[in-house]
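These notes are about the structure you will find just below.
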């Protein structure tokens with residue numbers, strides 16, 4: 001892939017966290033770095049272990065290469081927080097380590113790229129929230145509940161079954177107040193950024209013979225429709241806040257389900273019915 005005209009001046013030494021100049025190079029447009037190598041290693045090992053797990057299966061009947069049916073299940077609850085045999089959940093434990101290694105390596109690679117460019121660490125900071133949500137699901141919550149078996153299985157359909165089953169364990173998971181906040185932030189984020197994206201497209205794609213519109217048109221549109229324009233920079237701050245809030249409350253909603261609340265979530269709202277106001 002050809003290098004863009006402005007890229008060469010940014011391909012400078014330094015900014016690395018580990019390894020010095022050893023891995024300080026690019027492969028095509030991709031910066032490698034120590035964490036690029038580490039991330040590739042963990043990702044490749046994890047994928048190969050999933051393929052191996054699909055090959056051996058927990059039993060002969062469940063050996064499959066159907067991508068929809070492949071499932072690497074966590075250990076049985078009886079193993080607690082100990083290591084399980086490879087075919088009884090140990091594979092899931094090792095793949096989890098690989099996933100964590102790959103995700104963290106990717107984030108640290110982003111840090112190195114930011115250091116090279118002299119820009120802020122907003123991108124790795126945002127990605128860290130996604131990593132944190134994953135850690136809550138496969139590390140924090142299982143530890144709080146006393147068994148790795150409370151983690152979710154690695155499989156397309158099997159992990160959807162896990163989500164459904166956990167929801168039914170708490171009757172109506174949508175009554176979880178943190179889940180409500182997470183969904184609210186998800187939808188609000190979609191609304192805000194879709195409105196922003198459509199506005200930019202509308203002013204930068206004029207009809208034939210017309211000029212490209214300016215930020216004055218953008219601000220005027222939103223002042224006309226909702227009475228306020230947040231501005232070009234602030235809409236991105238708002239989008240980041242909404243996205244990170246959605247991820248944060250998603251992690252909260254699952255980590256409190258089980259370790260801190262064991263009954264159906266509709267019961268949590270009894271305090272509302274017992275208010276003296278009624």
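In case you wondered, yes, glycine gets a Cβ from its N, Cα and C as well.
Among the features that Swiss-Prot reports, transmembrane segment is placed at 33-56 (among others), with the record citing sequence analysis. Same-chain neighbours of the transmembrane segment (33-56): 16-19, 22-24, 63-65, 70, 72, 87, 91, 94-95, 98-99, 101-102, 105-106, 108-109, 112-113, 154, counting only residues six or more beyond its ends whose CB sits under 8 Å from a CB of the stretch.
Taken from Swiss-Prot, the feature transmembrane segment applies to 90-118 (among others), supported by sequence analysis.
Below 8 angstroms of C-beta separation, residues 74, 80-81, 96, 99-100, 103-104, 106-108, 110-111, 114, 152, 240, 243-244, 247-248, 250-251, 254-255, 258-259 of the same chain, each at least six residues beyond the ends of the transmembrane segment (121-146), sit close to that stretch. Residues or ranges marked as transmembrane segment by Swiss-Prot: 121-146 (among others).
Here the Cβ of residue 159 ((7R,8Z)-bacteriochlorophyll b binding site) has 15 other Cβ atoms within 10 Å, regardless of which shown protein chain they belong to. Residues or ranges marked as (7R,8Z)-bacteriochlorophyll b binding site in Swiss-Prot (evidence: similarity to another entry): 159, 179.
Residues annotated as transmembrane segment in Swiss-Prot: 176-205 (among others).
Annotation comment: Swiss-Prot describes 196, 236 as Fe cation binding site, evidence class similarity to another entry. For residue 236 (Fe cation binding site), no same-chain residue that is 6 or more apart in sequence has a Cβ closer than 8 Å to its Cβ. Secondary structure at residue 236 (Fe cation binding site), taken from DSSP and collapsed to helix, strand or coil, is helix.
Residue environment of residue 222 (ubiquinone binding site) contains 17 other Cβ atoms, counted within 10 Å of its Cβ in all protein chains. Under the DSSP three-state reduction, residue 222 (ubiquinone binding site) is assigned to helix. Residues or ranges marked as ubiquinone binding site by Swiss-Prot: 222.
The transmembrane segment annotation in Swiss-Prot covers 231-257 (among others) and is backed by sequence analysis.
Each of the binding-site residues 179, 196 was ranked by the number of other C-beta atoms within 10 Å, and first place falls to 179. Between the alpha carbons (Cα) of residue 179 ((7R,8Z)-bacteriochlorophyll b binding site) and residue 196 (Fe cation binding site) lies a span of roughly 26 Å. Residues 122, 126, 129-130, 132-133, 136-137, 140-141, 144, 166, 169-170, 173, 176, 178-179, 181-183, 185-186, 188-189, 192-193, 196, 215, 218-219, 265 of the same chain sit 6 or more residues outside the transmembrane segment (231-257) yet have a Cβ under 8 Å from a Cβ within it. With a cut-off of 8 Å between Cβ atoms, the residues of this chain six or more beyond the transmembrane segment (176-205) that come close are 170, 212-214, 217-218, 221-222, 235, 238-239, 242-243, 245-250, 252-253, 256-257, 265, 268.
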